[in-house]
Amino acid sequence: MAEAVGAVTLIAAPARRRWLWSALAAMLGLLTARISALEVHTPKEIFVVNGTQGKLTCTFDSPNTTGWLTTVSWSFQPEGTDSAVSFFHYSQGQVYIGDYPPFKDRVTWAGDLDKKDASINIENIQAVHNGTYICDVKNPPDIVVRPGQIRLHVVEIDNLLVFLVWVVVGTVTAVVLGLTLLISLVLVVLYRRKHSKRDYTGCSTSERLSPVKQAPRKCPSDTEGLVKSPPSAGSHQGPVIYAQLDHSGGHHSGKINKSESVVYADIRKD
């Protein structure tokens, strides 16, 4: 009998050693594996009506496939406190709920690790559930994680309706003001363009293309007297003699002489 027990012990010893070596190799592989960052995504805040169900949405991104080693933990930090209490844990397909009274028989799993979803539902939310919820996911070798945080506000139905009305009114007002401003700017631009075209009177095409020739003007000399004949034979006015006045300022000036015709003598017949 003793020999049989000794044989069983000798047979079990190698098997135990192999199991230990396998476990050590697995742990060593986890320690030496590449550690990559896992990103957790949650909404910043949600509003839930008192007495209804609230869903705490939590998703994550990981380059590694989820499996039995993937875990999800939820913690709660009540308003006015600095410490968080863990009240939910999910691992290997099992849900573990703590004894924290505000969440007893209220929390259910609503996620799917294959879809990288770690969400939960809370039934019959009350004012005591106001606070910050923390979603922490581990997916080895992704263990460097910044947990996601959700600020939950429990509101009464009347307050929620008032809040929604103000949101709608504010949105509609902003849209109306924006459209009014845009239409006003368009009308101002069109008005300015229309009046700028009306005020500008340019020459026609024919005027721009047709050259205008002016007859050369004869400038009398300084010593030349011009005699203008009377306009008609029946007039009693005699010939008018014009003289040129030189305004050049000197006979040797290099400037162009400017002359002016004045009446020198008016001979009339009585």
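Placement of Cβ uses the backbone N, Cα and C atoms for every residue, glycine included.
Going by Swiss-Prot, these are the annotated features:
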type     : residues     : note
DISULFID : Cys58-Cys135 : disulfide bond
MOD_RES  : Ser204       : phosphoserine
MOD_RES  : Ser206       : phosphoserine
MOD_RES  : Ser210       : phosphoserine
MOD_RES  : Ser221       : phosphoserine
MOD_RES  : Tyr242       : phosphotyrosine
MOD_RES  : Ser261       : phosphoserine
MOD_RES  : Tyr264       : phosphotyrosine
MOTIF    : 240-245      : motif 'ITIM motif 1'
MOTIF    : 262-267      : motif 'ITIM motif 2'
SIGNAL   : 1-35         : signal peptide
TOPO_DOM : 36-162       : topological domain 'Extracellular'
TOPO_DOM : 184-270      : topological domain 'Cytoplasmic'
Inset, instruction - Please report the DSSP secondary structure of Cys58 (disulfide bond), reduced to three states. - result: coil
Legend entry - Stretch-averaged pLDDT - the topological domain 'Cytoplasmic' (184-270): 58
Inset, instruction - Return one of helix, strand or coil for Cys135 (disulfide bond), based on DSSP. - result: strand
